[in-house]
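Asks: As annotated by Swiss-Prot, ATP binding site applies to G8, I9, S10, G11, S12, G13, K14, S15, with the evidence given as sequence analysis. What Swiss-Prot records for D57, A58, R59, S60 is GTP binding site, and it gives sequence analysis as the kind of evidence.
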Amino acid sequence: MRIVLITGISGSGKSVALNALEDAGYYCVDNLPPHVLPELARYLAEEGQHRLAVAIDARSSASLDEMPGLIRALSLEHDVRVLFLNASTQSLIQRFSETRRRHPLSGSPSHDANVGLLSSLEEAIERERELVAPLAEFGHQIDTSTLRANVLRTWVKRFIEQKNNDLMVMFESFGFKRGVPLDADLMFDVRALPNPYYDHELRPLTGLDQPVIAFLDALPIVHQMIDDIHAFLMKWLPHFREDNRSYLTVAIGCTGGQHRSVFIAETLAARLAHDANVIVRHRDAPVDVDASSRLVADVHRP
């Protein structure tokens with residue numbers, strides 16, 4: 001059976017992700033007490049159901065300590081995937097304000113006896129981060145701070161489509177001017193490379209457009225940067241595998257996240273496609289989420 005566990009911070013999109021999995025044919029349960037999960041999996045398997053999705057959050061705080069061991073045990077018999085959704089505190093506060101929803105931990109006792117009850121939304125968010133932090137290392141993290149609901153649904157579907165027999169590597173392009181991604185395991189700064197933004201014809205385009213690809217592909221320094229990052233990844237990916245890592249997010253950042261980082265993320269993904277399961281996300285580029293074109297896969301080094 002394939003089991004998808006959705007966890008993370010309240011307000012980061014767990015309900016959206018669970019709905020996407022339900023549309024994909026998964027049997028979905030929200031806020032299931034973790035200790036019930038093995039029994040539910042056995043029951044559904046006997047009933048002929050082979051796909052289960054469960055959302056787990058801080059409302060199950062009494063059982064969260066059991067989750068690491070439970071995930072390991074379930075993985076012995078099932079294809080278990082963990083999706084950890086995160087977002088910046090500012091984004092979460094804005095979402096709770098707009099929806100007028102109450103945070104699950106608002107009004108709950110603080111772990112600090114001198115504080116009493118958690119009175120502010122920010123306190124509740126930070127307390128939840130502490131509670132669910134141990135689960136982050138088991139899952140593929142997605143920073144939803146800037147994601148629209150339809151984009152998140154698409155990424156969840158891509159996540160479950162990936163083969164689970166090897167390390168999954170996500171290449172994520174981003175712009176430093178919009179902040180660094182919360183879900184990055186490795187981060188590379190490519191702002192030292194020539195910027196297509198200063199060419200007025202290239203400015204409105206992205207690193208997925210052929211004129212920008214041609215501009216960057218003609219520069220030896222760009223290929224030197226790509227070669228160095230590729231060599232680093234090829235050296236260290238075996239060590240991530242030995243550490244039993246299932247997911248690795250490699251963030252590539254330029255100033256605006258539109259040209260250089262997009263091109264390099266796509267090029268690196270094409271190079272590593274034979275060595276790992278790869279997916280590409282362009283956080284800040286104005287591109288269709290389904291337009292992760294493989295134009296750069298056909299680029300040949302000079």
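The backbone N, Cα and C atoms fix where each Cβ goes, and this holds for glycine too.
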Asks: Can you grab the distance from S15 (ATP binding site) over to R59 (GTP binding site)? Cα atoms, rounded to a whole Å.
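Replies: Cα-Cα, rounded: 14 Å.
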Asks: List the residues in the vicinity of the ATP site, defined as same-chain residues other than G8, I9, S10, G11, S12, G13, K14, S15 with C-beta within 8 angstroms of the site's C-beta centre.
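Replies: Other same-chain residues with Cβ inside the cutoff are D57, L85, A87, T144.
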Asks: Sequence gap of 6 or more, Cβ distance under 8 Å: name the residues on the same chain that satisfy this around S12 (ATP binding site), in order along the sequence.
Replies: L85, N86, A87, L92, T144
Asks: Tell me which of the binding-site residues I9, A58 sits in the most Cβ-dense spot, judged by other Cβ atoms within 10 Å.
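Replies: Max Cβ neighbours within 10 Å, all protein chains included: I9.
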Asks: Please identify, from the binding-site residues S10, S15, the residue with the sparsest Cβ neighbourhood, meaning fewest other Cβ atoms within 10 angstroms.
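Replies: Least crowded of the binding-site residues S10, S15, by Cβ count within 10 Å, is S15.
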Asks: Roughly how many Å lie between the Cα atoms of K14 (ATP binding site) and A58 (GTP binding site), rounded to a whole value?
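Replies: Here the two Cα atoms lie 12 Å apart.
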Asks: Within 10 Å of the Cβ of G13 (ATP binding site), how many other Cβ atoms can be counted across all chains shown?
Replies: 28
Asks: Fewest other C-beta atoms within 10 angstroms of its own C-beta: which of the binding-site residues K14, R59 fits that?
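Replies: Across K14, R59, these binding-site residues, the one with fewest Cβ atoms within 10 Å is R59.
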Asks: Based on Cα coordinates, which of the following binding-site residues are within 10 Å of R59 (GTP binding site): I9, G11, G13?
Replies: none
Asks: Given D57 (GTP binding site) and G13 (ATP binding site), what distance in Å do their CA atoms have, once rounded to a whole number?
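Replies: That comes out at 12 Å between the alpha carbons.
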